[in-house]
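Student: Before we start, here is the structure in question, set down as structure tokens.
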Amino acid sequence: MAYSSSAEESDQGSDYNDTMAEHSTNGSNGNGSSKHRIKSDDSDDDDFVSSTSNKNGMTNNHTSSRGYNHSYKEESDEDDYGVKKEDASDYEEDNYVPKEKKSKKSKKDKSEKKSKKRKKADSDESDDESNYKSSKSKSKKKKKKSYSDDDDEEDFDDDADYAKKKKHKKEKTKDDKKSKSKSKDKSSSKDAKGSESPTKGTKRKKKEEEEEHIWKWWEEERPGEGIKWKTLEHNGPVFPPAYDPLPNNVKFYYDGKSFRLSPEAEEVAGFYARMLEHDYTSKDIFNKNFFKDWRKTMTEEEREKISDLKLCNFSDMAEFYKEQSEKRKQLTKEEKLENKKKNEETVLKYGYCTVDGHKQKIGNFRIEPPGLFRGRGEHPKMGKLKKRVRPEDIIINIGDKAKVPAPPSGHKWKEIRHDNTVTWLASWTENIMGNIGKSMRKARELKKYVGQIRKDYREDFKSREMMRRQRAVALYFIDRLALRAGNEKEEGETADTVGCCSLRVEHIELHEEKDGKQYVVDFDFLGKDSIRYSNSVPVEKRVFKNLKHFIQGKSAGDDLFDRLNTSSLNKYLNSLMDGLTAKVFRTYNASQTLQQQLNELTKDGMSQSELLLAYNRANRAVAVLCNHQRAVPKTFDKQMENLNEKIKDKKATMKDVKKQYKEAKGDETARQKLKKKLSTLEDQLKKLEVQKVDKEENKQIALGTSKLNYLDPRISVAWCKKWEFPVDKIYNKTQRDKFRWAIEMVGPDYQF
């Protein structure tokens, strides 16, 4: 479960409206409301995709666990300090679930334990020798296990590391052995009892506690038709801290003169100052939108004086925020522990809800802080202010017999509801009650019908009714190219983005022959989030002829499918199969593509790095199909430079080891060690080279969007189990929690 924010600007298309594991929100520019839905075990803190939809039917998908940047982060891996982003340590702390304290043992239990210990001690005195051997044996076993675990993770980056590890095994003095012998003698009585090591016990305890919170909703019967839950309790969301004004020595300058801003205007100016080093602040549309919204937060006096963004100097503020960011990185161990402790307390209070008596983790219980909207591609609303969410904006949904959470002091909730026919906790929630599984089941169910559906729309290519012909061609594009259906939009409300049904004549170009292929259609239009869709596709002859007929006598700005709209198409699709939408087609084709690609690309004998490359290539094929693009990360060149340097160093080290091997003639022991080291270095070099290829191939592809929203997770889980590949290399902790149902349900033989 998670609380999702009601974003002011929309940044996604309507196809995400029925996506499970998304925040379903209605509202635009602060006028709408969002719904925080519940779905068991689909929660997590970090990569939860949320979807905000406004009155125009657009949605804004974003990772909503923190205040940092959202799903458009999927499209840009740049490291923008201070802009709605927290480091990994913060995220780990937010995911941390404190252990529940055990109740104290009674005095009677303690006295009985002491009595047993005394009796045991007497009997143990005669067993020192046997206990010593037992202890020694156990110690060896533990050592062996520990060593093998470390060995699996060893990364011989240089000779020094290698030598250090080898040396550590040999260097054991007599004094060390004596001291170990004494300690073993002392602890032998405990070992004889068969007590577990603290580490093992702690791990088992932690695992048991984690399992306590797993509600296997997919194994339970649903309540009555339309009833989503019987009882629901929670403590409401956590709000971001209030704005802390800048110290007096940090100045904002206008036209060369320092100018003290009001707290409201200063906070928004700070959002911009944090982004000075980002490319966004060099874009006219970003600056225009920011300045317009910033002026709305100013006092009349400020508006009179500040009239030109080019005369504003935010550098002093930017430097201050950079220093603050560095200070946070330099926190002492004690300060970090204190922060962690505070976070644990927050998680215990707000991080769980109780649904029908089952304690459930809330993936994102923190409301998103205010900030500047960034968007993806060339989104026309980038730079606009995302306002601070207040309790007065939030509707709380809770059981009628549960205690209503108290709003922050001096505030009140917008409304309290007790509606068990919906699956949201508050205005900011995430779907968590089996809808993801339902979505994937629908896509898999389409396999039964897709053959007949394709046969039907091909027959309609020749229909005498123009509407049927247009519908058939549109459905062909949705099926073949995974295009979104598209929605009607009010004039001037959003960017000029289109889907299949809203394509215009200007968006396609027909070629009888192109590059040796017949009947080619060139597509060029702005899709969801203003991401350009540019594709050249050979189509069936009948489709090509119909397109020529559709555009005849029309001007560039006319609708290609003038007899068709999204509503009529969806109604028709639902008549073919209950619950069928363009998005189900998209999910079906995406999952089918992943399954086919994994079957083709995965071979016996592949290393872990090669398996990961194969998976990413299969995922990439899906992302290309769905047009999931991103800007090349700002740090890409630097990352590639570092990789090339590592590869160069690794080759140099291998050359030295080969030389040493040749020189070590006659010393078989040394040669064996060098041979083993060379083998390790070769594996590491191969891993680096595969990593380089993977990074290069995916620099402009957003793999995460399709993986989280369009791919049946059971395909990936089954593939991992079949090839003994760690699931945590495909899904992070957030995603593993979200797809726990898939991880527990499927075996290695599952095929979509």
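Note: Cβ is positioned from N, Cα and C throughout, glycine not excepted.
These numbers come from a predicted model, not from an experiment.
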Student: Given the ranges 286-344, 640-698, which one is assigned the annotation coiled coil in TrEMBL?
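Tutor: It is 640-698 that TrEMBL annotates as coiled coil.
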Student: Sequence gap of 6 or more, C-beta under 8 Å: which same-chain residues meet both conditions with respect to Y710 (active site, O-(3'-phospho-DNA)-tyrosine intermediate)?
Tutor: R586, T587, A590, S591, V622, C626
Student: Please compute the mean pLDDT of the model over the coiled coil (640-698).
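Tutor: The predicted confidence over the coiled coil (640-698), as a mean pLDDT, is 88.
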